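Novice: Mind having a look at this structure? Questions to follow.
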């Protein structure tokens, strides 16, 4: 099975092959605490795109993931997640690699919903949580968000995939980072590495973080750079493992503005790892901090949902 899933129509089932890791994950109920790190944006943007092959989906540029797998080694993959993922034929190695080397189909579901519902990003502060390729955060940037932060568990994903994707979509090629309302007009994939001609004003609105959710929360809240809470948190395919629900819930509670909103995209059930949208909904209800609403259900293939989450006492 191809591990590259940029086609929204592709039949992807995230983490299905993680079943063999379930016993190991169950034996370590305690979350692996991966230290948080902020990733700086290099001065020379051409370095970020060096040796990267770009493709296009829904009018957004993204790094060709299969090329990253073949070419990324040594210091560029200090965590060793690419070699481990390839050698084990797995898209999930709990506590080591959490799926950021693929673009999962619920990402496209959430992108479609943000467009259909005309979610307003102008002057908002946005967090793309569990960002992987960072497409959701890039949509927010196109919507004129004031600030967009990207977080992924793995630092290799941020450096080799997320950052290059953001830079590629900020490049001046007769295009402007605008509302993205025409994003469905997809252009043919470009196979050439792109040259960065800059849009530093857009990049200045971005920050990039890797590490486990609770650690990233602490880094943000205790940072020397003041960080206000987020108006909007976007997250897709992050509730596959029930062992992570407490950390995710606490992160949302700590980082979301009192009147903010979370948009979460998920499959109804993740076979092999046990998580799913209704299980997480029940978890939230028991915590009694947030209210939830299912705003969209997608029935093609495995059933998928978009959930809206807000504080119970919000406006």
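Just so you know, glycine gets a Cβ as well, placed from its N, Cα and C.
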Novice: Given the ranges 125-149, 150-174, 175-199, 200-224, which one is assigned the annotation region 'Disordered' in TrEMBL?
Specialist: 175-199
Novice: Quick test of your reading of TrEMBL: among 1-26, 27-52, where does it put region 'Disordered'?
Specialist: 1-26
